[in-house]
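Written below as structure tokens is the structure these notes are about.
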Amino acid sequence: MDNNIFKGTKPDIIIRQPTEDEDQILEDFHFNYYDDLTSPYPSSSINPTHNTQGSISSGIPLLHHDISHRRSSSGITYNSRRQSSIDNSSSEAPLLHTRSSSYGKQKTAYDIVTKSDSSSPSPSPDDDHTNDEDVEELRQGIDYALGNDRNDPNWFPVTVPYKQTDTGHEDADSEIGSPSDFTFNIPMQNLRRRQSIRSQDQSSIIFDNKSKSSGNDHSHLEAQSWNDQPPTTPVIKFSNVLSRISDRVAGTGPKDKSKDESKSPMASPVMPSTPMSARFQDTTQDGGSLKVFSPESKIRQFCYKVFENKYTNSFFLFLLVLQIALLSYRQWNPLKIGGYIYDGYNWADYTLMLINFIYTLEIIGKIIAYGFIDDEIMYQELGLTYPENEFRNMYFSSHYIIKLFTLFKSCLNPRKDTSYYVREENFSPDYSSAEEQIDIKAKYRMTSHHRQDSLSDMHYSQPPNKRAFLRNSWHRIDFISMVTFWISLLLSINYYDREHHIMIFRSISCLRILRLLNLTTGTNTILKACKAAIPQLIDVAIFISFFWFFWAIIGVQSFKSSLSRRCVWTNPADPTETFINEIHFCGSYLDLNGVRQPYILRDGSSSNEIKGHTCPKFSRCVSGENPYNGTLNFDNILQSMEMIFIVISANTFTDIMYDTIESDNFAASLFFIGCIFIMCVWLVNVFIAVIVTSFNVTRMEHEQEKQNKRFLDLFGHSEPHEKRIEFLKNQNVFLKWYYKLEFMFILVIIADLWVQCFRKNGMSDQRRHLLYRFEASFTLAFLIEIIFRLVIHFPNWRLFFRSKRNCFDLFLAIITSIIIIEPVKDRLGQAYYWLTVFQIMRFYRVVLFTSITRNLWLKIMGNFKAIFDLTLFFFILLFLISIILARFFEGIMTMDEIENVSFSMHTLPATFISLYIITSTENWTDILYAMQEYAPTTSSRCLGAILIISWFILSNMIIFNIFIAVIADTLEVSEQGKRRQQLLQFIDNMTNKIQNINHEIGLLTKIKTKLFKRNKNYNDVEHDVINLLLSAKLNNPFYDDITRTEDLDDFSPANFAKEILSQRKSLVQRQNEYLQNNPKYNYVFYIIGPRHRLRRICQRLVKPSYGERIDGVVPFPRLSEIFVIIMFLATVGLVISACYMTPIFRREQVLKYGNINWTFWLESAFTILFTIEFAIKVIADGLVFTPNAYARSSWNLIDCSVLISLWIEVIAFLNNDGNLSRIVRGLKALRALRLLTISQTATLNFHNTMISGFWKIINAAIISLCLLFPFSIWGLNVFNGRLGVCSDGVSPKELCLGEYPSVVYNWEIVSPNVYASPQLHFNRFANSFATLFEITSLEGWSDLLSNVMASTGVGSPPSKDASPFNGVFVVLFNILSTVFILTLFVSVIISNYSKTTGRAYMTTDQIAWYQVKKILVQTKPSKRKNLETFSAFRKFCYNMTVEKSVKWARIINVVFFFHALSLMLECWPSPDSLIIFRESMYMITSIIFLSNSIMTVIAQGRSFLQYKWNIFNCFVALGAFITTVIGFLVDPSSTFINFNKLFLVGLLIFIIPRSNRLNQLARFASASLPKIISLSFTWIIIFLVFAIAMNQIFGLTKIGPNSSGNINFRTVPKSLVLLFRCSFGEGWNSIMNDFTLERPFCTSEPNFDNNDCGNKQYAYILFMAWTIISMYIFLNMFISLILDSFSYINHRSNYNQLIQREEIRKFKRTWQRFDPEGTGFIKPIELPKVLKELDGALSFHLYSGDLTIPKLCKQWITRNSMDPYDVSVDFTAIEATMNSMDIDKIRTRRRQYEMFIEEALVTMELNNDPGISFTRLLLQLPLYIAFDSGQCLNLTDYLERRLLLQKVVKRLHTKRVYELIGGYACRWKYQKDKKLEVKRHSYLTNENLRINTPPSIYVTGDDISDYNVPQVRSSAIYADYPVHVQTKPKLSIQPNYDDKETSPFLVDE
């Protein structure tokens, strides 16, 4: 026996081989008892479709105890042999039986004997918490889910971590390879062994961390080990490194195939060796490449040998590097070295031609060797499935192209089936993408019932040979590069391309150099990640493109010709002298009489339309050319799309917005605000969400962990280093004292940096020398320190150098000691200040010494390898693209034009910088506009714009957002810790509920009410909540909350309910004792007691300010609600008055009515009203020191601050103190925050954003300071006083005197010559810090870059690009700030929001399930009309619209095409013929669309209003028709035409519901809209608060150089638009400086109404606060929301099929056959029929695949003639099929099917539904076919589903009992020779059975005196039904229903 015993897969489980007798007992037990009475679903999870490996014990606690109890109480006697064997097998648990049938092993029965199977100890009788059996069952459920000391967890391991092992991996392939097992066609595989294989790595990760760490060898801590030499590193040969790089660049991968196979998800199958000829079977039927070269061709074999030679790739790598070097040389400065545009070809060009000729030969040779494009025969010969191309099938298939040319059928894809009753022939449709198409047998070879396993885990085995040439992505790029090279060479004949500037082919011919992106393993990984995300990006790009096109059409309709109108001034004295104001746009002008006139068209005629900015007298508003050579406009669809993309980029778009405001009206801003919200805030963030969720670069890096350890070790904070230091400190007392006193050197470093902050421009020589002496002293101190540190390591001095931190500090000490020597310092000159970076680098010790900064930085740098790889990838890509674009833009500008452009692209360095600026988005349109303005041809202008925009998309929208993914990954919770955090969050939330237990319903009560529909009293609610709380200690009776613990190691679900109840009682008791000991504590101001009449009256009016009111009265509901409404209306009134009574308005009122006017009395009334509110609340609950104090509410504190500000303003107004009034006037805006209380979600958003997430933002700010502080000092040292410039631009500082001539507009005037620094400079530390802070927002950094590169010295005039090296500082800081500040803020906001909502703690399966559930729950059944009752016309309408007639659909498609074409043809100027054509088409299309809507109304009748799309379509179609008709009758310049255009454009939205792809993308993207709207409401309130504050403070400030008539805070609307601009970082720092205006540049008087100065303190505080709150926090919150709602991307190939539009339609069509009225319910008897008819992803069949009846009939039966009885039966095939069946799997599948049926019936009854619910059945299917509830449900839903399934199990058990009783009765009657009549009472057999009625079994007869059935106790959870015996001639066995949750049982057929 001992030899047969071995360890199982879980602790406390022993598996042994049974004896022969036991085997027979088990067989009898299994077939006769266990199949009928045990749980029908596997045991490891409550999900009936899943079985975790190794978990074969009972799935439900107390199940076996209940079975034995039921068996004994039912009076049923089983076979004694069977009973004894069960009892003798184990004293604690029954003997279970299973079969090991996985993967071809011989099926052998095993005994599994568990040491303990009870879920929890029996409750004691005196335990008052266990009286309610529901609560006890919930306690058992928590035990079951979380585990305890005796049972393993099923949801999350708390007490007993366990590791499951793989027991049969070696034989896994034996059964897979068997082609004759037909049971593979149904998903019935045993899950145990395969699940172990899949989870083995994860288990080891989750549970082996401690064991691995504890098992580390600590021998290195011994003394003698430190002197040992470190392990020698293998010598890496340069040739090997070069070979690997060559292989990566060549795209062939490493030569060592085994390494790749080991890393691949599924290793390739072992292929037999084949001769060389077999490797060429790729292109034709005879295996010849290009139909010429056969496999035996010597030329082909020679080519193959050449390209398989190990030196070939190295040779081509050399050529590639040479090509890049030559291209860099040619494009470095074409003007100086004579580029192709200027001097034609030179030697470098001829060398490049030779290289491209070699490339051509290479391509030809590879085509000969491997074939050109088709290699299907190779896959056929190797027996592999040919991989389809997903992109081709999805976007470029012939079918798709045909549909593209067939009138937009790619977008307009209606159903072709005209009836829902047509049954599809294909019973097994393809659910997967093209790359995942597999045969039916392979589909179910995975060991799960879940369909996604088979789809997601199946990978194609790559062939051992190379594929055809064009099957490789890099080869396609090579081919394009080769073709374009020869085209460019042909165009260069006679310099044709140079003369016509056709340089696109010349630039594209360099695409091959992009192969260098494979330089390192990291860059290669990122490249693969980019390629893997392309499908998702294309999907989202299609959706974004639709709205891009949509807004572009609206732009054309609204703003055509708007940007062509400017004010033209005419000299009254000389009419020939005119001047065009290029920077201001207009819409009207004033004539000489001062009357507004309409603007003038190009032809000189009047437009008859007055709008926009009005030109002054002597000027006229005239339409002319558009800006930038006519490219900046909305005059046609293409230019409008370019403008919309600029809006999408969220940079410089506000310039266009304010231009259109000037040319049209202020309402034009609504277009840009709406566009930015839809396109940027919503859709672009969806794009970002795809990037963040799709790119997981860090997990793709196999060596990342090792690299991170190296990084941590570099700074001395890796675990080995810490152990080493501890050992050395124990061995060396001096070293121990050094580390104790190390903080002193940290203080010295801080002092050193602090001293350097005192450097400033213009400081005296004495200060400069003093700073030098300080720095020399500090340097000497650090040199002594490092020497001392080295000395104390003796005699083990080598240990000093083993620490990389010591080596780094030694390097810093040496280099700083050298440069501080005075002769060296003088000799270095300016270079010394650059080298001060080594002095500043000591700051890293301060960062690492402080725990906060150390932990933050080490956590962020945990992905250092990924960040480094991504940065390297970006700069390699930037350099290579710079070469390509430099060749295109070469010669596009002349020398004079280059001087006028800040960043041109005429050289390679200039192109590099320009592309980097485009990536940063800062003023990137300046580069775009300049290129378009100076481009010599229209083609170069268009192609240049396409190239620049394409680079923007690639670099900014994709690569830059990968940084967010990488940084966010460091802040994410690991997969191992997610469930642990879920449990902690569950406990935390439930602990919070105890504070409001009298006011809120507990979570458990909601669960029980939902399941059992039972009303519970208050005590039950309290017990339920308590049972879900965690116990903790209480310290303060009023101000301390219940503490939480995050230590789950000792968490006991069985005891925590009892402890929390005692804690709550203790809390109440301590509060009472405290009040008894301190009776004055509950007195208001120690005067008004709890029972004072005035206090009781106030308490009746208001609710308690905090918590439950202690010793008070409950407010009257009506009075308290009325009081809240009154104060809310007062708040609204205060906000409205603040918006209306602007400072300008108040000044006007003062001038009219004096100081004391109605505005004063109105504000005084608000002040008195809010004072009364304050007094009532304080009297009711006290101010501070009371249990429910006023000050304990954060909202009350805000109200109090507003009240104080109102009183101060009144007092300041009466005292005429303008400065005091200005300080407090803006605080009244805080009252607007009260508007958030309208929406609870908005309040939570504000709390999560501004309160709970505050400290997370502070942490991000600390990281920012760690960069800003040292860079500010470095910038101060380097650029101190070097950025100043004289007003004339050419004079040095000493000569910058007097005046100089300047040109203003078109006139020469004399201006004062002043030497000043620009806005961003480094003259003092404060300026340096402010400069870097401002450019952190990416605003103004390009201007700073231009200034530092133009710097020539201190006081000398600047010169363009005089010091390009200076740009390194700005670019370096920009990179680091972008990655570690901007990206970090985004990541922190994402992490904080996801943790607050709980999404951060959700596993992958949980996210997938809740996303699928969110989509499916929105699906509603369709209603089918009875066509027989319809009239002929209504039937016609029904067939055309509802049934989607193909002909009518084509007509609508044609109409859509012409309507879209008409909208796209809108342009300016437009010929009359085109206008007539468009207006005619608008009329025709609107009539047809209206007709379609009317036909839909007639067809659907009343149900028309049930569909929102129908209402929208009807409204838009009717509006389009009416406005189009009226448009013919009104003036074209009328405002009414704008409404017509709006309706016409709105018709395009009809495309979305008609396109499957757009509809599905819209559904996914719109999933985040409700949350976005809620967050937008919160954001708008914050907008309003700041707008009111800005208006009240800066409403009278004089307009500065960066402000205008629209860019100011004069009114609240203008303030809102300006804040909207600042939210995207658009010139916020420049505008901020305008409002820091001080005397003598403004008028400052004591009276605020006469003060037009700004306020520097308020300006900096408010603008910086708004920038952080709006740009850094709220905008990033939108990304978090969309990430939280748009996560289906993660599961595109797994679960996305469940929510495909066509799959849902299949389900709806099947349902409609049984529910034609669309009620959403069917009869229970029809449920099996529905399941049988279902097809597709949302289907659940008992048999599928080759075991379906049609397939079996086809295999077994052959029809011999037309006679249906003349058939031949193949008994051999029948026998083969039967022998191949796995009986265990079929039985398991049958149990799951029964379980599914019974769950649907139980759910129907528990929810009191009139039948099987459409929605509930739709949500039930994925839990059986795709998800494992143990993995996809959170703890609450897990417990809820367990309760449901326990009830289902009891129902199934009881059903077996009823059938058994019925069988006995029938047998007894049969023996009495009576006629048998059994009337079954079952939903599935009796169609007339009433829903939700008790079951019964009737047996007719007379003699029933001997029949006795004992009663069974009824239980709320187990639903054990008592049976009543009737003494009538008819035997009725019925349960007695004493509980509402009891329900009838299913009796099987």
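Glycine residues also receive a Cβ, built from the backbone N, Cα and C atoms like all the rest.
Per TrEMBL, the features are:
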- 71-133: region 'Disordered' (REGION)
- 79-91: compositional bias 'Low complexity' (COMPBIAS)
- 163-233: region 'Disordered' (REGION)
- 197-206: compositional bias 'Low complexity' (COMPBIAS)
- 209-221: compositional bias 'Basic and acidic residues' (COMPBIAS)
- 248-277: region 'Disordered' (REGION)
- 254-263: compositional bias 'Basic and acidic residues' (COMPBIAS)
- 350-373: transmembrane segment (TRANSMEM)
- 537-556: transmembrane segment (TRANSMEM)
- 667-692: transmembrane segment (TRANSMEM)
- 737-756: transmembrane segment (TRANSMEM)
- 807-825: transmembrane segment (TRANSMEM)
- 870-889: transmembrane segment (TRANSMEM)
- 901-921: transmembrane segment (TRANSMEM)
- 942-968: transmembrane segment (TRANSMEM)
- 1122-1144: transmembrane segment (TRANSMEM)
- 1156-1176: transmembrane segment (TRANSMEM)
- 1254-1274: transmembrane segment (TRANSMEM)
- 1511-1530: transmembrane segment (TRANSMEM)
- 1702-1737: domain 'EF-hand' (DOMAIN)
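According to DSSP, the domain 'EF-hand' (1702-1737) comprises 23 helix, 2 strand, 11 coil.
Take the transmembrane segment (537-556) and the stretches 667-692, 737-756, 807-825, 901-921, 1122-1144: counting Cβ pairs under 8 Å, 667-692 has the most. Confidence over the domain 'EF-hand' (1702-1737), given as mean pLDDT on the 0 to 100 scale, stands at 89.
Long-range neighbours of the transmembrane segment (807-825) within the same chain, counting only residues 6 or more positions beyond its ends whose Cβ lies under 8 Å from a Cβ of the stretch, are 714, 772, 775-776, 779-780, 782-783, 785-786, 789-790, 801, 832, 835-836, 838-839, 841-842, 845. The transmembrane segment (942-968) makes no contact with the transmembrane segment (737-756): fewer than 3 of their CB pairs lie within 8 A, with pairs spaced 6 or more apart in sequence. Long-range contacts of the transmembrane segment (1254-1274) within the same chain: residues 753, 756-757, 836-837, 840-841, 843, 847, 852-853, 856-857, 860, 1325, 1328-1329, 1332-1333, 1336, 1369, 1373, 1376-1377, 1380-1381, 1384-1385, 1388-1389, 1391-1392, 1668, 1672-1673, each at least 6 residues beyond the stretch ends and with a Cβ under 8 Å from a Cβ of the stretch. Contact count against the transmembrane segment (870-889) (Cβ pairs under 8 Å) is highest for 901-921, out of 350-373, 737-756, 901-921, 1122-1144.
Within the chain carrying the transmembrane segment (1156-1176), a Cβ under 8 angstroms from the stretch's Cβ atoms is held by residues 1098, 1101-1102, 1123, 1127, 1130, 1133-1134, 1137, 1141, 1145-1146, 1149-1150, 1190, 1199-1200, 1202-1203, 1206-1207, 1209-1210, 1213, all 6 or more beyond its ends.
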